[in-house]
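Here the structure is laid out as structure tokens; the discussion comes afterwards.
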Amino acid sequence: MSNTIIMSIFGLILEAEQSDEQLYQEISKANVICIVYSVNNKKSIEKVTSHWIPLINDRTDKDSRVPLILVGNKSDLVEHSSMETILPIMNQYQDIETCVECSAKNLKNISELFYYAQKAVLHPTGPLYCPEEKELKPSCIKALTRIFKVSDLDNDGVLNDNELNFFQRTCFNTPLAPQALEDVKNVVRRNMTDGVKDNGLTLKGFLFLHTLFIQRGRHETTWTVLRRFGYDDDLELTQEYLFPMIKIPPDCTTELNHNAYLFLQSVFDKHDKDRDCALSPEEVKDLFKVFPYMPWGPDVNNTVCTNDQGWITYQGYLSQWTLTTYLDVQRSLEYLGYLGYSIIYEQESQAAAITVTRNKRIDLQKKQTQRSVFRCNVLGARGSGKSGFLQAFLGRNLQRQRRIREDHKSFYAISTTYVYGQEKYLLLHEVMPDFDFLSEADLACDVVCLVYDINSPRSFEYCAKVYKQYFIDSKTPCVVIAAKSDLHEVRQHYSLSPHEFCRKHKLHPPQPFTCNTTEAPNKDIYTRLTTMAMYPHMAQADLKNSTFWLRASVGATVFAVLGFAMYRALLKQR
């Protein structure tokens, strides 16, 4: 909306002074239109419906019509009011905001006229309320329902006194006195039986209050709430709210900060109603009711850790958020906007939830990093075992992997690992094996896995060619994975054996790996990959020193045990 409100006033006098073209231009520019009639002239009143309203409606789009105000001028000449005649007109046309009787001669109600004109633009009734049905419009109900759910911090279906006070302070910068809270609830109790429950305001009660505000002419109250929660004049969340500006320099990544994780933990807690530390399909659906669409598809369940029922665990939930923030920070900002992060945490925008890491080259120069998320691109020929390698990271053996539907498959897997006592996220990305069309995204990562099938004689050739073409002069650490190590190893149809190739190019020896196990597959290799991603200089320096792997593996085991113990303790508290 522009800063200047354009108000066109139409009346009998302007009809003679303006051409039709000038009149139409004024209509197109106006934010609000005042139709002036004379209270002592019956023909003037009749012309409101016979001429002016049809003319205005013909020149404006039905979905974006400007609000109308009827202005009864010359009230100083009569002792009676014209409102009895005007009310049926107001009921007939929902675009009419109000009617004001005034006198241009003695300036009676002139300031009120301009007040209502401004109010009609800033706080229009049209998008909120249907006067014929005497109820809120569906788009308004939808917006207020989201606001209610965001404000219902414990997700019990009612706004208790603390939540109502937080809502009041958030929208109007002042809490309600205890008596005022009771007065509000008493008003609802007197008008509906299910508006108050357990001494808290239900959704029905919340919607009733806003209906009451509008019916009593207090549209600004509802609009203040809507705009505080990010809505525009069309009751859509604004682009500025959903996608705040955030600068991401080249070679930098995006991560969630500590406050963002705390917020997401609270969102998880309020929807994990059975306290099993996992989100059932119904709980996931409930969580995303504040979204206009379902953001997670079935592939998410094969991207992060799930429980035995296939439900996303607490760790998996945070991992998915971490993945989204790393790969598509704009989408993460949008999602946090729907959940009301900036409102609940009283931040200027949800951009406050994001940490932009420093340039990766500085990390390499300083030989240390503060990053928490590391990307590993997994390359290999078709059938080499890449998908199995990703799923094994999520604790799934071959038998469990076989139950995954092809259309639910994910090319990503993300979970936590521990390196020297620090919890880090490792993001695995399966790159499609199109050797001639590897993009920059396929190559940009912190560590590379080259996977070959020891039981397939031509499997290693792809790894060798990819390494020589793209990574031989790169500073990105590379690891060769000898997948399906439970099977018989055959001779590879390549000039060098995998061991000889690794020795020649100063790579670590091929790491045997299998997911064909009775229990969850061994995860040591993932800790090693994270360690190499964090300390690429150490990986090269300790190439001939097996203690590099030993330190990482032992450290991971110790801190994984400690981490699990702390996690269990936190769960008990939650």
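Backbone N, Cα and C atoms are what each Cβ position is placed from, and that goes for glycine too.
Features of the protein shown, as given by TrEMBL:
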| type | residues | note |
| --- | --- | --- |
| DOMAIN | 1-123 | domain 'Miro' |
| DOMAIN | 259-294 | domain 'EF-hand' |
| DOMAIN | 371-535 | domain 'Miro' |
| TRANSMEM | 548-570 | transmembrane segment |
| field | Non-local residues, at least 6 beyond the ends, that sit with Cβ under 8 Å of the domain 'EF-hand' (259-294) | value | 146, 149-150, 152-155, 306-307, 309, 311-314, 317-318, 321, 335-336, 338-341, 344-345, 352-354, 571, 574
| DSSP residue counts for the domain 'Miro' (1-123), split into helix, strand and coil | 62 helix, 25 strand, 36 coil
| query | Looking only at the domain 'EF-hand' (259-294), what are its DSSP counts of helix, strand and coil residues? | reply | 23 helix, 2 strand, 11 coil
